[in-house]
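Notes to accompany the following structure.
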């Protein structure tokens, strides 16, 4: 017969009595039993409760063996938490700890909607202010235009090389003069290229006198207008060129056995060490504006395209041609140097930056464009384009979008202030309730993981606001300089160059402030994620992820020690093996990242074969087998094992929707006066202890239902009992925890080992006993064995199956005799919890004859003898089937089973 699934063996702290979570019995019905035919045992009066629990009356029994068996089972009688609460009471520390936990849990659960609102409002605010999609559109258009259209090595109307093919100083000047300069400074409206002869037909070049500008409707001046770029943007301040240099010195690395003077004479020039350009440039290198010199400007507002081209040529040859022909040198740095003939780029150059500020009136944004060339000391030139954009004013938006942005900003800042006020209130309460100093009070009563998460969200949010205002101040500085820059562009004067330099410095500050703001905003959603996990822990099913990580934490800690060691070995080997041939493995950080990507299927096999097909295959196979097949699968197994355990714990937990409905129902009951709030109960005890929560939580005074009803105003007796029972359950869970399968196995193995010794001693002692004595001891021994097996099976099933067995021959659910289900005495019956169809037990008759008498069907309201036999037969069959399924491999259980059946048959 299937027992109640909620039965589980537990113990109350400080009590040796076993406890079950089964509710107490409200009423009992008397069920006297008859002596079965052919049995020497006397009649046994039994009581079967409404829950199907078998009870025995407190009367003297004529049969000593039966009385001894009943007394043995009574010693193992289970009681409920409700019995403990009614008879003994609950410690005040246990009860108040439960109240505090319930209040904190409900508070954290109620914070979940607020946290979600904070996340949504922050996301909407960030998206409406930053508008990353617009910035991406502008920056990508500029980068692609420079990469694809700034060409050199022309053949007719086609340039064969671009910025990625700049590999020498000569290539740089060709790209600058023939590609980039003509791309940015357009002399007129461009038309399509001529058609090849093979295609025939007319082309645009065959049409003479084509207009170089067009005055479209609404235009102030013909297009292309001065400084126009990509049709929709304008270059504000011209083009700035500057570079960083590495000074010459005695930095050459020479063999120590040779004469340095001879080698220096052989080299005939100094060395210029530099770490720039060793590998492909990164963003942070392009955002470094320090240490740049040799500044030159190209002003389209002041000079024509021919004059700008002449300036670039003077920079290339150091004004050598201009000096030879008697023309004015247009390179300021070249003419200002001590050496009149000195190119702008020489072997000291380590980085060249070509920058300009572009304004797009369609989106109202500035874009700082930086084209970088890194000259490494191996002789290669790396090119890198980087754009930094910021809006003139992010609040110049349409009405609905602006209203939505203001609402989101109000909600987010309000939530930030609310969190700050809540934390300050909690700090004040911790200090007020503590008798220790300020530091000790905060450390003992306040500091916790989620408090640190809350403060992190407050601090990071405040820093994000501060960085945003800093970026707006920097953008405002550019806005203030824009009118003077426009005036200087329309009417150039002697102060034009100083105005341009000031505008470039302001644009640099704006770009760096905008980048810092984006970086700071990036951290805030991660902090909000931690706050969400705090709210998730208040709901058992939502807390499944965090509970899984907590359960798996010890195993994960040990696993990652092994994982990191093995992974580091592969990273070092990849650095040594591929580093000289592949840039992605050339440094430690790059090898770490590339190896991590390889574990998840992202690798460049064609590049790896540069070291040799066979060599790369050997390393790759070993890496995949160890890291992917073994390590990652073991990591997944650890997590899934913990998840399975936590999933089992929460299988009967309340769902999110049910918890919400319960909270609503409790609110309605409070309004109707059917219950009081737990905060009111807590405040009542606080008033008794004058706000000293430590003394209140440390008291071991026993609380009773009557005490709570009389102390707490309007508290119903049912609620008082219910909260006391819940506090006992929580204390029992905290005391004993959840036994894993491994722990249950060890405990059962240890207990069965001691039972095996007792069985051997009992068998030896009963060898010379008489049949009557044997039958008496058999009854006692059988009852004890049944109780123990039932107890161990409940312990086992609580962690392995969904079926929980009750104590055999003590807690037995009876089936309604009028049921039309399959007969219990059939040879094959489907047993709940034991798996498939089960055979009849080896000796069901001896089990029922030993402990139970047949009930009489002559009196109304009593069980029939057939029903009684079927009940006991069902119990023995269930035990037998579960024995064959789960306990048969255990040698101790085999001896126990043989001893039991031998003694029962002897009766």
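Each Cβ is built from the backbone N, Cα and C atoms, and glycine gets one as well.
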Checklist entry - Which one of 487-509, 510-532, 533-555, 556-578 shows up in TrEMBL as transmembrane segment? => result 556-578
Checklist outcome for this item: In TrEMBL, of the candidate ranges 769-817, 818-866, the one given as region 'Disordered' runs 818-866
Checklist outcome for this item: Sequence-distant residues near the transmembrane segment (556-578) by C-beta distance (under 8 Å, 6 or more away from its ends) are 549, 584-588, 591-592, 594-595, 608, 610-611, 615-616, 619, 623, 626-627, 631, 634-635, 638-639
Checklist outcome for this item: Mean per-residue pLDDT in the domain 'Polycystin cation channel PKD1/PKD2' (526-644) works out to 92
